[in-house]
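Chemist: The structure that follows is given in the form of structure tokens.
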Amino acid sequence: MQLRKGRQVREVVGRIAITEGQAEASEIYTNPSRARDEAVSASPQDITPEQRRVLDAALRVDQAGELAANWIYRGQMAVLGGDRQVGPLIQDMWDQERHHLAVMDKLQMQHQIRPTILSDVAKAAGFGLGFATAIMGKEAAMACTEAVETVIGEHYDDQLKELDSLSSSHPSMTLLSDVIREFRDDELGHLHAAVDHHSQRAPAHALLSTIVGYGCKVAIEVCRKF
Ligand SMILES: [Fe+2]
Ligand SMILES: [Fe+2]
């Protein structure tokens, strides 16, 4: 995929290193010949109820986040889809979000996670955010992406550490960490693409970033529980 090309080892948001050339772990979920692998078809039985709650909350919030991301890009495309400069970029990012969501949907079924009851809210809020910032202009749309992907990239990075604490030897848990790492790197790729496309020239960039970033953090906490 276009965004994956040219990825280099680099430091992101001060502390997260993206690594060149990692295999795309998530592709096992879209490969029918691997559908019966234990890593994609079973859930660990050797974890405690508390660890199960951690896994449950993590996958619920991730699925909700990927759903919202899809609707953000849908909202941006509704306004900027025909723009020669950013239209193809937004489409590329949306395509990646579609893949992320398809994988999260499979993970949700595999581990029998209850989806968020707020999925309609996530869709509407995502579309509204994408549409409204795109109406404000290309730079504001990119600033929205920059703010969202900063929070989501950090969220996935924190989750990697949380998943380490599950200490299950089940193959699905090793795979899950690899998938989360891959998605973190994709989200940080989106963040960098947005900065490269002048997100920081958006009117009231700091205010917009603060509001969008804060909204994402609140949404993460709400979807963890509901
Ligand atoms: Fe995503
Ligand atoms: Fe993203």
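The count begins at 1 with the first shown residue.
Just so it is clear, glycine is given a Cβ too, placed from its N, Cα and C backbone atoms.
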Chemist: Check TrEMBL: it lists Glu97, His100, Glu187 as binding Fe cation 1. Then name which of Glu66, Glu162 it lists for that same site.
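Modeler: Answer per TrEMBL: Glu66.
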Chemist: To which of Glu139, Glu146, Glu149 does TrEMBL also attribute binding of Fe cation 2 at the site defined by Glu97, Glu187, His190?
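Modeler: According to TrEMBL, the candidate sharing the Fe cation 2 site with Glu97, Glu187, His190 is Glu149.
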Chemist: I need the neighbours of the Fe cation 2 site defined by Glu97, Glu149, Glu187, His190. Which other residues of that chain put their C-beta within 8 angstroms of the C-beta centroid, in sequence order?
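Modeler: The surrounding set, listed in chain order, is Ala69, Met93, Gln96, Thr145, Val148, Ile152, Gly153, Asp186, Leu188, Gly189, Leu191.
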Chemist: Out of Glu66, Glu149, give me whichever of these binding-site residues has the highest number of other Cβ atoms within 10 Å.
Modeler: Glu149
Chemist: Near His100 (Fe cation 1 binding site), how many other Cβ atoms are within 10 Å of its Cβ?
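Modeler: Summing over all protein chains shown, His100 (Fe cation 1 binding site) has 24 other Cβ atoms within 10 Å.
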Chemist: For a Cβ distance below 6 Å to any atom of ligand 1, name the binding-site residues from His100, Glu149, His190 that qualify, or say none.
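Modeler: The qualifying binding-site residues are His100.
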Chemist: List, in sequence order, the residues of the same chain other than Glu66, Glu97, His100, Glu187 whose Cβ lies within 8 Å of the centroid of the Cβ atoms of the recorded Fe cation 1 site.
Modeler: Gly65, Ala69, Asn70, Gln96, His99, Leu101, Met104, Ile152, Phe183, Asp186
Chemist: Can you check which residues sit near Glu187 (Fe cation 1 binding site), meaning Cβ under 8 Å from its Cβ, same chain, 6 or more apart in sequence, and list them in order?
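Modeler: Sequence-distant Cβ neighbours: Glu149, Ile152, Gly153, Tyr156.
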